Amino acid sequence: MTERVRVAITGGSGRMGRTLIEAAKQNDAILLGAAIERAGSTLMGVDAGELAGVGAMNVAITDSLDKAVDDFDVLIDFTSPEASVIHTDWCAKHGKAIVIGTTGFNHAQKEQISAYSEQVPIVMAPNMAVGVNLMWKLLEVAAEVMGHYSDIEIIEGHHRYKKDAPSGTALKMGEVIAETLGRDLEKCAVYGREGITGERDRETIGFATVRAGDIVGEHTALFADIGERLEITHKASSRMTFANGAMRAASWLSAQGSGLYDMQQVLGLKE
């Protein structure tokens with residue numbers, strides 16, 4: 001039997017953190033070695049499995065990666081951009097691989113993480129669902145065939161608690177389409193419309209955002225021409241799809257050398 005990959009999960013008490021703990025419990029290739037919470041949390045010492053509602057896992061919540069340094073090989077991080085950069089810095093200093101599912105990074109933060117990847121293996125992906133990564137491949141085909149003469153819009157929806165907009169997945173959709181069409185997304189993106197906007201510029205890629213209720217994640221790319229339109233949609237009904245993808249990424253990453261990877265490489269959709 002192949003040795004299981006030992007993982008640590010940051011933000012263990014959050015919605016996504018608890019789902020990641022549950023996914024680790026269910027995955028035969030993964031062993032939860034540590035669950036990290038912020039300093040001062042009242043959950044210190046609580047069993048991570050009990051916290052996630054999946055039964056005891058004999059892993060107590062701790063407030064420091066330093067305390068867990070010998071307990072894991074791959075860190076899984078779905079926290080905040082600022083925290084993720086700090087955690088990646090720690091991993092680079094301690095020779096630990098890291099899977100980053102956080103979104104909302106600015107350019108400077110992405111550059112920092114890229115620099116750390118020269119020292120350790122990193123998977124960084126705005127969405128780890130298998131279906132979403134397949135969708136990005138489909139968007140390449142759609143953009144090649146219809147993109148030059150269609151109006152392109154990206155519509156995304158998430159729960160009321162999501163802090164960044166548009167979502168990282170929506171931005172990646174725009175990047176895939178823009179790159180396929182030879183455009184610069186920073187120059188052609190339009191984020192929301194209001195007032196008298198004038199006739200639509202055919203070279204633009206529009207973004208619309210919904211934040212409501214408990215929507216886990218819905219993304220649609222619209223290619224609209226006169227007389228027909230194509231819609232490519234992905235809907236997530238559970239955070240578990242992201243968590244399972246993160247476990248798959250951690251297992252794959254444990255066998256890689258230093259470098260910055262994405263989920264499409266994990267899934268074998270690109271080299």
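Glycine too: its Cβ is placed from the backbone N, Cα and C atoms.
Small disclaimer: the values here were computed from a predicted structure and weren't measured.
In the record from Swiss-Prot, residues Gly11, Gly12, Ser13, Gly14, Arg15, Met16, Gly101, Thr102, Thr103, Ala125, Pro126, Asn127, Met128 bind NAD(+); the candidate from Glu37, Glu82, Glu140, Glu144 listed for the same site is Glu37. Distances between the Cα of Glu37 (NAD(+) binding site) and those of the recorded positions His158, His159, Lys162, Gly168, Thr169 are shortest for Lys162.
Fewest Cβ neighbours within 10 Å among the binding-site residues Ser13, Thr102, Asn127: that distinction goes to Ser13. If you draw a 10 Å sphere around the CB of Gly168 ((S)-2,3,4,5-tetrahydrodipicolinate binding site), it holds 18 other CB atoms from the protein chains shown. Of all the recorded positions in the list Arg38, His158, His159, Lys162, Gly168, the shortest Cα-Cα distance to Thr102 (NAD(+) binding site) is found for Gly168. Annotated pair Lys162 (active site, proton donor) and Gly168 ((S)-2,3,4,5-tetrahydrodipicolinate binding site), C-alpha to C-alpha distance, rounded: 11 Å.
For the (S)-2,3,4,5-tetrahydrodipicolinate site, the Cβ centre of His159, Gly168, Thr169 serves as reference, and the other residues of the chain with Cβ at most 8 Å from it are Thr103, Pro126, Asn127, Glu156, His158, Lys162, Asp164, Ser167, Ala170, Gly217, His219.
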